[in-house]
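To keep things clear, I will list the structure first and then write my remarks on it.
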């Protein structure tokens with residue numbers, strides 16, 4: 001069985017090359033479920049934002065950008081994985097270098113823009129809560145917001161050729177060498193450092209929000225912005241009581257915990273592959289699956305506490 005630690009192998013990262021059909025069928029069903037749920041939830045959020053004027057805010061523009069990127073994973077990449085998981089490992093569909101290149105490109109583009117959108121949303125909310133209203137208005141003009149969204153896609157397109165693990169073609173699955181290839185090892189390090197840096201910035205923003213909300217309820221009350229409804233916690237005009245502030249902090253920390261659960265396993269598996277030895281194939285597959293599952297969960301993470309989103313969803317759903 002070829003080792004999944006060779007990231008330039010024929011499969012893009014997640015399919016387990018096993019003779020037994022049980023794990024492959026299970027993964028295919030899991031990808032199919034994530035593809036359906038993720039596609040529906042991302043499309044629903046995009047539709048609601050474009051259909052309801054109250055939802056057309058700067059914060060939601062970044063959320064929609066993330067949903068569009070997540071559709072690349074949920075609607076385009078995951079269905080292919082679900083189908084290919086049912087094919088035999090020596091299928092000609094898995095041997096095509098161009099097809100593997102396309103699948104790797106969809107995955108890399110979607111995940112990169114999605115992670116960048118997480119950071120844009122967090123920074124937007126951090127500036128909204130912790131800075132003066134004049135600073136927020138000057139920074140998040142329509143033109144600046146469009147440039148930020150465009151830069152997230154440009155950055156993803158520039159990074160794709162730098163990921164040899166996604167772009168190295170192979171003719172067929174081959175038995176793995178004793179040590180992973182240098183390209184795969186540096187791909188692992190690059191990926192781990194990028195996700196670690198993004199996670200550190202995101203946690204800094206959200207923990208700064210928590211400190212401000214817990215330390216100064218008056219500061220939240222004077223920010224009379226409709227964007228406050230897009231925060232992952234309720235922000236009403238009256239100063240929140242102690243129980244409400246505790247709920248606000250728990251909501252933000254819950255969002256951070258879900259994000260960490262989805263991203264950090266892959267980070268440490270990648271670091272392990274670079275400095276020591278590749279992790280077991282099942283652990284690598286699980287870490288990538290957790291990261292990709294964020295594409296299906298992101299719409300819920302950012303809208304479940306928003307009354308405006310719930311009201312809009314009730315108006316369009318039977």
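Think of each number as a place in line: the chain as shown, counted from 1.
Placement of Cβ uses the backbone N, Cα and C atoms for every residue, glycine included.
Whatever TrEMBL says is automated annotation, not expert-curated.
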Inset, instruction - Would you mind telling me which of 5-23, 62-80 TrEMBL tags as transmembrane segment? - result: 62-80
Inset, instruction - Using a Cβ-Cβ cut-off of under 8 Å, list the residues of the same chain that are 6+ residues beyond the ends of the transmembrane segment (282-304) and lie near it. - result: 4-5, 13-16, 27, 30, 34-35, 37-38, 41-42, 44-45, 63, 66-67, 69-70, 73-74, 77-78, 107, 110-111, 114, 118, 121, 230, 232, 255, 258-259, 261-263, 265-266, 269, 310
